[in-house]
Structure formats: structure tokens, C-alpha cells
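According to TrEMBL, the feature substrate binding site maps to ASN9, TRP10, LYS11, GLY172, SER211, GLY232, GLY233. The active site, electrophile annotation in TrEMBL covers HIS94. What TrEMBL records for GLU166 is active site, proton acceptor.
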Amino acid sequence: MRTPLIAGNWKMNGSHALVEAFGRAFADAALPDSLEVVMLPPFPYLEAARGALANVSVRLGAQTLNPSHAGAHTGEVSGGMLKEFGVDYVLVGHSERRELYRETDDDVYDRLLAALNAGLHPILCVGETLEARDAGHTNDVVLRQIGHALAPLEPEQRARVTIAYEPVWAIGTGRTATPEQAQEVMAAIREYQAGFDPGLAQAMRLLYGGSMNAANAAELLAQPDIDGGLVGGASLKVDDFLAICHSAR
Ligand SMILES: O=C(CO)COP(=O)(O)O
């Protein structure tokens, strides 16, 4: 069976105090072994997070990486640096990167490959805009994004990718996809994967993201094809994030 995964994407938020608060809370929380938890703070807090999480089974993630190995890329961070630091997971293709920083499907693929080559576990984010949903193009958009990123990969590489379905209209809006809406897209993603590799389709973890919170997590996570959550706003609140983690048992 697939191990549930709850990932907290802090985006450009947080502080040392918040890292410390999470460190204390996780130490007391007795998270079940059957659950994987990942914390993705901004780069400057990774060091503090590594210390605060040293004795708990929470893994570290980063929010982006540069596709190049090294070189003259002022302000950027490579996958190899993240790996050397002790990061396990990295987001690629988040809709905010696609929209605000103009990352195209090709850029997303380059980052995905760089993450895999560095030995990281990429979380590939996909999702449709409200316009696309209203026009009935949700699955087309999502499956195109996934196909563009995954089709060129070797099976062994594909097996290390987690997919996060994050409808753009649900991110930071308080408007969550209903469990049925999310499940419908997740099932389509798994079916699409099964067309390439049925075994991998069953093993691949699919996360939901978009206004997941302590109140709606259990119902979303109860859907058969939702294996976890990529949590934004609620991952900045210790009690809420822990409640979401406990919903994933
Ligand atoms: O973008 C998200 C996680 O990557 C979701 O953000 P919110 O949970 O704040 O809607």
C-alpha cells in the first residue's frame, strides 16, 4: 500500500521562531510510523529546520531548484547542493512558479530531471485554472502537464516522482475542491499512468493541494486515490498542520 505523505509548503513565509515551534510540536506529537511528513520552509530556514527536526521523523524539502548543476546563476540553488545539505524532497512546477516566474512545461521538466539526477524526490505540481475548469478542460491540462514532465523519463526515475494535484483556483483562496472533484482528477491521473505502467500507477503517490485545512483534510484524504496533501497556509499553523497529519492515519 502507499504510505500517506503530508507536506507543508511554507512558500515565502515563516521565521526561526516558527521552525522552533514546529520542532517542539513534532517532538511531542507521536506521529504514526505509517505516515511521512515533509516540511518545506524557505532556503534560509532549512538549516534551523534540520536542527529542530533532527530527532523526529519529519523530512526536509525545498520549494524549487535550478536545473543546472553549478555555475554563474546568481541567486539560485542546485539540486546537488540541496541533496548535500540533507534535503529529500523538492517541489517542481508549482503554479506560483509557473505563473509568477514564467516557468514553462519545458522548465518544469528540466527541474524535474535535475532533481532526479541529484538523488532528490521531486513533487511535481500540476493543476488547472478556473477558466480551464469552467471550459471543461481540467483533465486535458493536468494530463498534459504530467505527460510533458514524465514521458521522457526512465521507469526508475518515474518511480521516484510524487504528483501533487493543486487546482489553481483552490490555492490560497479558501475554496477547496470537493473530495469528489479532487478524487475524479486523481483517478484520471492514475488511469493515465496505468496506460504506461500499471504497477507504477498503483504505487505512485498522489497528493491534493489547495486550501487543505484541519477541517476538510480527513474527508479529502479518505478518497481512494488521494494519498496525502500539499498544504500551504495551514502548514504555518502548528496545531492545524498536526491535525492534518493525524487525519492521514
Ligand atoms: O499551494 C499550495 C501548496 O503548495 C496550497 O496552498 P494553500 O493551502 O494555502 O491553498
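Heads up, the Cβ atoms here are built off N, Cα and C, so glycines get one too.
Shown here: features listed in TrEMBL, placed on the structure.
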{"residue": "ASN9", "record": "substrate binding site", "Cβ contacts under 8 Å, 6 or more apart": "LEU40, GLY61, GLN63, LEU91, HIS94, GLY209, LEU230, VAL231, GLY232, SER235"}
{"residue": "TRP10", "record": "substrate binding site", "Cβ contacts under 8 Å, 6 or more apart": "MET39, LEU40, PRO41, PRO42, TYR45, GLN63, SER235, LEU236"}
{"residue": "LYS11", "record": "substrate binding site", "Cβ contacts under 8 Å, 6 or more apart": "PRO42, GLN63, GLU96, GLY232"}
{"residue": "GLU166", "record": "active site, proton acceptor", "Cβ contacts under 8 Å, 6 or more apart": "HIS94, SER95, CYS125, VAL126, GLY127, TYR208, GLY209, GLY210, LEU230"}
{"residue": "GLY172", "record": "substrate binding site", "Cβ contacts under 8 Å, 6 or more apart": "SER211, GLY232, GLY233"}
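Only GLY172, GLY232, GLY233 of the binding-site residues listed as TRP10, LYS11, GLY172, GLY232, GLY233 bring a Cβ under 6 Å of any atom of ligand 1; the order follows the sequence.
For the binding-site residues GLY232, GLY233, the greatest number of Cβ atoms within 10 Å around a candidate Cβ is found at GLY232. Secondary structure at GLY233 (substrate binding site), as computed by DSSP, is helix. Cβ crowding, taken as the number of other Cβ atoms within 10 Å, peaks at HIS94 among the recorded positions HIS94, SER211.
Under the three-state DSSP scheme, TRP10 (substrate binding site) falls in the coil class.
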